[in-house]
Every structure is written in structure tokens, then in C-alpha cells.
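Here is the structure we will look at.
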Amino acid sequence: MMPSRTNLATGIPSSKVKYSRLSSTDDGYIDLQFKKSPPKIPYKAIALATVLFLIGTFLIIIGSLLLSGYISKGGADRAVPVLIIGILVFLPGFYHLRIAYYASKGYRGYSYDDIPDFDD
């Protein structure tokens, strides 16, 4: 069995590399090499960030209601841990959703590459 060839510069197997023949009258440049490929959107990471954001928001609201006394089960001894966990869950969700929003709107300095992806 013959091993598959790889592009030595990038280590990509040759079966996944797209080649196109250059015309002999051209100066060696084609439009394809200057086109940017569309960004890969990390849907799983955005879904996880949304879940973290919603759970964190819910825990912050519940912790605030416990602390203020509107919910009378437990008092401040239960409110503070709920608030801390809510903040710890809320912050990464909010951060990654903000990056995803700015990347989708095309703001400069933001891209989907900034969001960690779960490559299977």
C-alpha cells in the first residue's frame, strides 16, 4: 500500500487540497488564490455559550432575589454561593456570545477563530 502524499509546507493530505491549472499566458496569478474562504462558524461553541449565559443569568436573578428577601428560603447563607456560581457561569457565556455577535456583524478585530471550537 502506497502512503498518501502530503503537502510538506502545511502537512495537509493531497486529497483535500484543491488544485487548478494555471494558464501559460498568464503572469502566474489567479483570482482563486486571493479569495478568502468563508469563515467556519463554531455552532457547538456558540450553543454552549448561550446555555452558559442563560443558566448564569437565571442563577444571578435567583441569588439576587434570595439576597433581597423576596424568596425567603435560606437567606444570605444560600444567596451568596448562588450569586458566585451565577457570575462564574455567566461571564464566559457572555464573553463568547459577544465575540460571536461582533464576528457575525463583521467588526474589525473579531472573528470566529477567537471562539474555542470542539473539533470532533
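For all residues, glycine too, the Cβ spot is worked out from N, Cα and C.
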S20, S24 - the residue Swiss-Prot records as phosphoserine: S24
Positions on the same chain near the transmembrane segment (46-66), where near means CB under 8 A and six or more residues out: 73-76, 78-80, 82-83, 85-97, 100, 115
Within-chain partners of the transmembrane segment (79-99) [C-beta distance under 8 Å, separation at least 6 from its ends]: 45-46, 48-64, 66-67, 110, 114-115
